[in-house]
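S.K.: Could you have a look at this structure, given as structure tokens, before my questions?
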Amino acid sequence: MEEILLFILFALTTGSFMYMLVCTDSNSKSPMGMIRRKIYSNGPSILKQLLGNKIYIKLQQFYNYVFYTNNRLGQIAYFLIFWMAFGLYSKFGLLKHFGNTPYVSHVHSICGSLIFLFCNYFFYKTCTTSPGIINKENNNEYVMKYQQYYDEIQYKQNTQCQTCNIIKPARSKHCRICNVCVSRFDHHCIWVRQCIGQNNYKYFLLFLFSHIFLSFYGVVAGILCLFGIAQKQQLFKLTYKNAITGEIHKATFLRVFSVISNRETFFMFIIFVCLIFFVTLTAFFLYHLNMIRKDLTTNERIRKNDFEKSFLNEMYELQELEKRKKDDDLIKRLAQLKLCWKSLNNRRLLGLFEGLRIIFSQPK
């Protein structure tokens, strides 16, 4: 029982931690938001004390190189992790047990391998499909396409990108890492070495979904393999003697699980890794589906939160001043802020299916 509880607890903890770091709003008042702020605000100083100044500076330089330069380390890391994980699963599970247990036939070896190939295909498409780079030739086209999103708060008309020397379309952003302006910019992904934007967002979603499906498939097939092993070795028919009372007992599920854990330790570890990937990627995927439903990008969500925080702070200060002293300018500014707040939160819910339809109708 202890092993099962530890596995479940570790999977949930790991998944929650990854979701908190990647998806949680840093301005949120939720427990996850508060923990995230603590990690990002206090983490560097704690590391500096633990590692020393020289090592900390080197680590900071490496971090900046990995996350803020256009390098291939993310792609290399992806291939090493993904191919090694599939190779180990194949050696200790797919080739060893698939077809040799009652519940998992050799057909699943083919199915698992095909899903693995689909994962690689969508990774390739996400890496090689242009996110929607804006240049002087197509600038006007993108400006007209997202005309309705100019709200004069997040996106102001006729704002120029000083680097690309073009008019910035609404929902676009200049990526400092790729040094290009991207249409409907969502985020820069180090794993695929480019931005996720208008044209490759659909492949990014399929990339996530294919990996979720493969992880889930690995967990289910692995568990069925373990049950098959237990049945084949007649572990459920085992009996054991109580050392204190001398009574003979039939093997319980937990007893069988303990025996399997000792005999197939590494295979169980790989299944557990698949479970962690499944929980983490599913949380990230659901986050993106929620953003699609709200017709928001990751970049817009971050900016919106910053604007809201700034507006709320200024509105609070002005309201306090207004209580003490009547001033036409203060009243006017307060009214403007309230109007901006209403405009910022006035975007209608697009709906998940309508949002997905728009995303998947973008040019290849």
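Including glycine, each Cβ sits where the backbone N, Cα and C put it.
Annotations for this protein, taken from TrEMBL, read as follows:
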- 156-304: domain 'Palmitoyltransferase DHHC' (DOMAIN)
- 6-24: transmembrane segment (TRANSMEM)
- 76-94: transmembrane segment (TRANSMEM)
- 106-124: transmembrane segment (TRANSMEM)
- 203-230: transmembrane segment (TRANSMEM)
- 266-287: transmembrane segment (TRANSMEM)
S.K.: With DSSP as the reference, give the number of residues of the domain 'Palmitoyltransferase DHHC' (156-304) in helix, strand and coil.
M.R.: 82 helix, 22 strand, 45 coil
S.K.: Looking at the domain 'Palmitoyltransferase DHHC' (156-304) alone, can you tell me the average pLDDT?
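M.R.: Mean pLDDT, the domain 'Palmitoyltransferase DHHC' (156-304): 88.
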